[in-house]
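Residues or ranges marked as domain 'Dihydrodipicolinate reductase N-terminal' by TrEMBL: 14-117. As annotated by TrEMBL, NAD(+) binding site applies to Gly19, Ala20, Arg21, Gly22, Arg23, Met24, Asp45, Gly87, Thr88, Thr89, Ala114, Pro115, Asn116, Phe117. What TrEMBL records for 120-255 is domain 'Dihydrodipicolinate reductase C-terminal'. Per TrEMBL, the feature active site, proton donor/acceptor maps to His144. Taken from TrEMBL, the feature (S)-2,3,4,5-tetrahydrodipicolinate binding site covers His145, Gly154, Thr155. Annotation comment: TrEMBL describes Lys148 as active site, proton donor.
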Amino acid sequence: MTEDLQRGEGKPLRVGVLGARGRMGAQAVKAVEASRDLEVVAMVDAGDSVFEIADAGAEVVIDFTHPDVVMDNLRFAVDRGIHAVVGTTGFTSARLQTLRGWLAAKPELGVLIAPNFALGAVLAMRFAQQAARFYESAEIIELHHNRKADAPSGTAAHTAKLIGEARSAAGLKPGPDATTSELDGARGAAIDGVPVHSVRLPGLVAHEEILFGADGETLTIRHDSMDRASFMPGVLLGVRTVPKRPGLTIGLENVIEL
Ligand SMILES: NC(=O)C1=CN([C@@H]2O[C@H](COP(=O)(O)OP(=O)(O)OC[C@H]3O[C@@H](n4cnc5c(N)ncnc54)[C@H](O)[C@@H]3O)[C@@H](O)[C@H]2O)C=CC1
Ligand SMILES: O=C(O)C1=N[C@H](C(=O)O)C[C@H](O)C1
């Protein structure tokens with residue numbers, strides 16, 4: 001059965017891409033264009049008018065832009081009743097609260113925010129969440145290309161939050177750590193009690209290592225995206241699913257149902 005028939009409409013879903021000339025946006029445009037059941041109707045980047053998205057009749061918008069502009073983009077999409085699939089980072093709990101408020105006025109609308117669209121990264125986060133209750137001590141190292149705008153990565157921040165929540169649910173506190181003298185930044189940034197270390201190097205794409213330690217053993221969970229192609233199946237799944245998922249969904253794991 002073709003994807004068109006699966007949608008039961010025979011008409012491709014109309015997609016607008018924000019950040020269309022960026023590293024991720026450009027790949028997303030290609031991936032959507034290669035899908036028979038989807039159609040790119042607007043490509044918008046910095047300096048273009050966001051109104052092009054609405055004027056073109058986009059039903060879903062994909063956002064891979066910048067943490068500084070993503071909330072304005074979402075405000076625009078929600079106001080105009082356009083579903084959104086968001087890969088851009090920078091979602092604090094205050095931002096998510098604001099977004100939930102906007103969506104309350106549009107109960108039919110779906111917004112999916114995924115810290116990472118790569119299947120392996122989603123699995124790594126899930127495995128880390130499962131391991132967290134068995135280990136008091138955990139640290140994260142995230143490694144990315146040197147053009148990345150933000151640190152730590154959205155994926156690392158989300159992973160740390162999942163570990164923190166799993167530990168609290170199990171009644172665990174962060175494990176003993178005798179280091180009392182340190183150069184600023186040497187132990188990374190603490191997120192929910194988990195130290196997160198960021199590496200930026202040309203040659204890298206997107207990588208994460210989650211390390212757990214206990215007496216006499218360590219457990220390392222590692223994921224590597226060597227190519228941005230790794231994100232595209234997740235992005236396409238998000239685009240096809242979001243019109244059927246009203247409200248705010250955070251994390252691709254809720255769409256794949258691991
Ligand atoms: N969730 C995921 O799986 C992934 C998320 N990301 C995130 O996606 C975001 C973008 O990453 P890259 O593509 O590597 O960055 P990039 O810098 O290559 O692309 C961003 C693009 O957005 C454009 N832009 C800036 N302001 C805009 C606006 N107001 N309207 C439309 N376009 C605008 C820029 O001109 C640029 O072309 C980052 O936050 C990054 O962390 C990146 C890879 C995977
Ligand atoms: O900027 C990137 O490249 C990536 N950003 C996302 C993040 O911050 O977690 C996802 C992935 O790590 C690639």
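Backbone N, Cα and C define each Cβ position, glycine as well.
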Candidates Gly19, Arg21, Asp45, Thr88, Ala114, His144 (recorded positions) with Cα within 10 Å of Gly154 ((S)-2,3,4,5-tetrahydrodipicolinate binding site): Thr88, Ala114
Packing count at Lys148 (active site, proton donor) (other Cβ atoms within 10 Å of its Cβ): 16
Residue pair Arg23 (NAD(+) binding site), the residue listed as 'active site, proton donor' - Cα distance, angstrom, rounded: 10
Residues that sit under 8 angstroms from Asn116 (NAD(+) binding site) by C-beta distance, when 6+ apart in the chain: Val122, Met125, Gly154, Thr155, His158, Ala206, Phe231, Gly234, Leu252
Other CB atoms within 10 A, centred on Gly19 (NAD(+) binding site): 25
Three-state secondary structure, which DSSP defines for Arg23 (NAD(+) binding site): helix
Nearest of the binding-site residues (Gly19, Asp45, Thr88, Ala114) to Lys148 (active site, proton donor), judged by Cα-Cα distance: Thr88
Neighbours of His145, Gly154, Thr155 excl. site residues, C-beta within 8 Å of centre, (S)-2,3,4,5-tetrahydrodipicolinate: Thr89, Pro115, Asn116, Glu142, His144, Lys148, Asp150, Ser153, Ala156, Ala206, Glu208
Coarse DSSP state, helix versus strand versus coil, of Lys148 (active site, proton donor): coil
Residue counts (helix, strand, coil, in that order) that DSSP gives for the domain 'Dihydrodipicolinate reductase C-terminal' (120-255): 49 helix, 40 strand, 47 coil
Chain-internal residues near His144 (active site, proton donor/acceptor), provided their CB is under 8 angstroms and they sit 6+ positions away: Ser153, Ser198, Val199, Arg200, Leu204, Val205, Ala206, His207
Nonlocal neighbours by CB distance (under 8 Å) for His145 ((S)-2,3,4,5-tetrahydrodipicolinate binding site), same chain, sequence gap 6 or more: Arg200, Leu201, Pro202, Gly203, Leu204, Val205, Ala206
For the domain 'Dihydrodipicolinate reductase N-terminal' (14-117), the number of residues DSSP places in helix, strand and coil: 38 helix, 24 strand, 42 coil
Among Arg21, Asp45, Thr155, the binding-site residues whose C-beta sits under 6 Å from ligand 2: Thr155
